[in-house]
Amino acid sequence: MDFGLVYPALVAGRLLLAFAPLPDALKHDHQLSSPLTSYPRLQEGVYLFQHGIDPYSGGLFRHSPLLLSLFSTALPLNKFTSACLWTACDAISAWALVKIWRARQRVSQSSRDSLIAAIYLLNPYLLLPTLALSTSTIENMLFLLSLMFASQGQSSPSLLALALLVQLSLPSAIFIVPMILLLLSDPVSRLASPREFNTYLSSILAKLGLWWYFFTEMFDHFRPFFLMVFSAHLLIYVLPVCLKFQHDILYATYILAGVYATFKPYPTLSDPGLFISLISLFPETYQYLRYPIVTTLLHLHSALLLPLFHHLWLSQGTGNANFFYASTLVFGVSNGAALLDAIWAGLRIAVGNLPEGYELIQK
């Protein structure tokens, strides 16, 4: 399929869908946006700021000052500008993903370009948060732009996009090291022939994350300690992953995106959606995935449980927080299963095909 025809058609379809009369309940769905990415809270903060009230004084507005200054001056929020801007962010993200694929293959264009763009633009985990106008869409765009520029060896724009991303979402700091290493190397696949490179290394709301239930149950005087532990937890994965996949830093960045989606403090569906879309860059690993069907079914199972238990708890009142947290655990397991499968495939490809009667026990 011709990328020049498919890509504009997909973007036009997304734009028409953005202007469709969708229910406003999407904007308040905590599976699609968190208190840190909520569009109604962004609107409230902009309104307070424009009327001379500090939006951060009440504790409800938690968006970045960058977004506050942007949407209170240059880009006023309304139905038309919001639909166009959020669709444009997804369009830029899909285009950046295609450019990363081309840089990895060292080609100017390929037959997979249309498929990669479609995987991103038609991914329901990314489509629904965009329709809910979650600012996680902007964060995904900045991540993919930083990754695209790093794959092309352009350090200044890559680090600028990464700096903006970290300012919007502090846990994104785990991408600083792999992004710098990618700038010092190249995105070409070396998973099948790994070797070392001495150049670079030898509030109580229904949130989808794994944090919130712990903090509702613990004593207040323990809260600062565990908040520090949980926040620092993401950092421990950076060095081991970058060392293990030092021969292919783009793949290491992909693995860290899965870690980010699994353990982010305030995740939404767009976080695993980004991780799932990035797998389109690594078709050489598909045959080495161990349990893709199980992982897919786990995601489907959690996607059905999350809205059901959320409704039972907060709307019907026939359930409680334990119900919803159980579904978030299933969601976490599905993300973890996808992450482990990706790690296994990235390591297993170096072994190649085994002789008949042999089985790989440990790599």
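Placed from the backbone N, Cα and C atoms, the Cβ positions cover glycine too.
TrEMBL: automatically predicted annotations, no manual curation.
Looking at 9-28, 249-268, the range annotated in TrEMBL as transmembrane segment turns out to be 249-268. The feature transmembrane segment, as given by TrEMBL for the ranges 59-78, 119-138, sits at 119-138. Under 8 Å from some Cβ of the transmembrane segment (321-347) lie the Cβ atoms of residues 191, 206-210, 212-213, 216, 244-245, 248, 251, 254-255, 258-259, 261-262, 272, 275-276, 279, 282, 285-286, 288-292, 294-295, 298-299, 301-302, 305-306, 308-310, 312-313, 363, all in the same chain and six or more residues away from its ends. Packing against the transmembrane segment (249-268) from elsewhere in the chain are residues 31-37, 100, 104, 129, 134, 136, 143, 147, 151, 171-172, 174-175, 178-179, 181-182, 185, 187, 189, 191, 200, 207-211, 230-231, 233-234, 237-238, 241-242, 274-275, 278-279, 281-282, 332, 335-336, 338-339, 342-343, 346: each is 6 or more residues past its ends and has a CB under 8 Å from a CB in it.
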